[in-house]
Amino acid sequence: MLSKNLLEALNDQMNHEYFAAHAYMAMAAYCDKESYEGFANFFIQQAKEERFHGQKIYNYINDRGAHAEFRAVSAPKIDFSSILETFKDSLSQEQEVTRRFYNLSEIARQDKDYATISFLNWFLDEQVEEEAMFETHINYLTRIGDDSNALYLYEKELGTRTFDEE
């Protein structure tokens, strides 16, 4: 059985994952508005991944005999000055998610809830990948700078991204 404190934190994180999906869709909308369909696709796929994470937490809460609670999702940032800004904001968002999963893991450890610790390890591994991915994209975009040909090619590459739940 999940402790009240752990259940509250899991519900908070589940809702935060759905907020992250909204934030990535807002970034996709910005990219579409600026005619960057490849970058828009990248963020749409990222939003799908965040919804998958939310669903994974939802399933876990219910599998543990508790109740997943959905809350209002606040409006995400919608104005960006550049593609680079969307990726920098994404990295900040992922760093916040990592911090939140560390906090969840600490609560589970204090509760000696080893099943939840095991469950959360998947997310911690995922966060290492997410942060590294966004750091790489930021490095590439910074290196590209104002080179429109390089940006075009990079956008086309990211436009091929898909999300597979496997």
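Keep in mind that glycine also has a Cβ here, set from the backbone N, Cα and C atoms.
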Quick one: which of Glu8, Glu17, Glu94 does Swiss-Prot put in the Fe cation 1 site with Glu50, His53?
Glu17
So Swiss-Prot lists Glu50, Glu94 for Fe cation 2; which of Gln110, Gln127 goes with them?
Gln127
Centre the Cβ atoms of Glu50, Glu94, Gln127, go out 8 Å, and tell me which other residues of that chain have a Cβ in range of the Fe cation 2 site.
Ala20, His53, Gln93, Val97, Thr98, Glu126, Glu130, Glu131
So if I draw a 10 Å sphere around the Cβ of Glu50 (Fe cation 1 binding site), how many other Cβ atoms end up inside it?
24
Surrounding the recorded Fe cation 1 site, with Cβ no more than 8 Å from the Cβ centroid of Glu17, Glu50, His53 and those residues left out, we find His16, Tyr18, Ala20, Ala21, Glu49, Arg51, Phe52, Gly54, Lys56, Ile57, Val97
Of all the binding-site residues given, Glu17, His53, Glu94, Gln127, which has the fewest Cβ neighbours within 10 Å once its own Cβ is left out?
Gln127
